[in-house]
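Notes for the one structure printed next.
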Amino acid sequence: MHIEDQIVHYTSDELIRVSIAQTRRITETARQRHHLSPVACAALGRAMTGALLLAGDYKNHEGVSLKFAGDGPLGAVHVDAFDSNKVRGYIDNPTVDLPLKANGKLDVGAAVGQHGQLTVTRFTPEQMTYTSQADLVSGEIAEDLAYYLYTSEQIPSTISLGVLVDRDYTIAASGGFLVQALPGAKEEDLARVEANITQIGPITTYLKNHPDGEGLIDIILSGMHFKELFRKPAWWQCTCSRQRIENVLLSLRAQDKEELLQDPQVEMTCHYCGEKYVISHDELVTLFENAHKE
């Protein structure tokens with residue numbers, strides 16, 4: 001029996017906050033929708049988990065978009081997280097696969113690329129957007145996010161992300177955690193947390209052996225007094241809809257609309273979720289005519 005995906009937030013008296021996300025079902029949904037190769041699963045799963053951790057960490061933000069644009073064969077990795085517990089994502093070249101590394105691990109760094117940029121866009125409840133960038137440092141996703149948080153937001157952070165792909169290519173485990181120092185945290189407490197984290201081992205192995213992930217916080221904040229702030233179920237959700245597709249069609253130039261009307265139907269596919277929308281010629285005529293009357 002698999003545990004439902006969720007994100008849980010904690011804080012300690014030592015001014016350290018921790019967020020833990022389990023995302024196996026989310027990553028499996030992405031694998032099925034986009035027909036992902038194993039290394040693409042690992043890259044997108046890590047990125048979606050990271051986005052959830054960042055989106056859930058900022059209560060005053062409505063959403064976070066991440067774009068890992070490296071020089072690897074996967075192309076760019078695109079992820080949106082919103083409402084602190086919903087996420088979607090896609091990869092430019094989802095079927096690309098690479099040989100395993102010498103240690104038997106998926107070579108996410110080579111697939112994403114070690115040179116390029118991570119673009120982070122935050123969306124506030126007031127519909128304001130703030131975009132910042134940082135260079136990729138490894139293409140392994142977690143290291144790139146940690147570097148971004150330190151250089152762009154000046155927040156010392158430890159982030160661990162992982163996806164374990166089973167022999168039948170389904171997702172056996174997916175998740176991660178984000179540890180951040182709040183203003184006033186002491187160096188000795190941060191050093192203790194860093195030492196605690198070394199006891200966890202690979203995050204995917206831990207989540208496979210402990211599906212509920214509950215014991216993870218006891219290791220990370222061992223020797224400290226902490227409390228759970230809140231938890232939320234997490235899931236894959238796309239924001240596309242037929243209404244949005246129709247709005248896109250209505251925004252086209254008159255010449256483009258005329259060209260579309262020459263076809264028996266219009267088919268549009270959402271990059272993020274793969275959902276296909278088919279609008280017949282008659283429906284298109286009605287759509288344009290009704291808009292013209294308004």
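Here the Cβ of each residue, glycine as well, is placed from N, Cα and C on the backbone.
Note that TrEMBL annotation is computational and uncurated.
TrEMBL lists CYS238-CYS240, CYS270-CYS273 with the feature disulfide bond.
What TrEMBL annotates, mapped onto the structure for a quick look.
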{"residue": "CYS238", "record": "disulfide bond", "Cβ within 10 Å": "18"}
{"residue": "CYS240", "record": "disulfide bond", "Cβ within 10 Å": "17"}
{"residue": "CYS270", "record": "disulfide bond", "Cβ within 10 Å": "18"}
{"residue": "CYS273", "record": "disulfide bond", "Cβ within 10 Å": "19"}
Whole-number Å value for how far CYS238 (disulfide bond) lies from CYS273 (disulfide bond) (Cα to Cα):
6
Could you state the CA-to-CA distance between CYS240 (disulfide bond) and CYS270 (disulfide bond) to the nearest Å?
7
Cα of CYS238 (disulfide bond) to Cα of CYS270 (disulfide bond): how many Å, rounded?
9
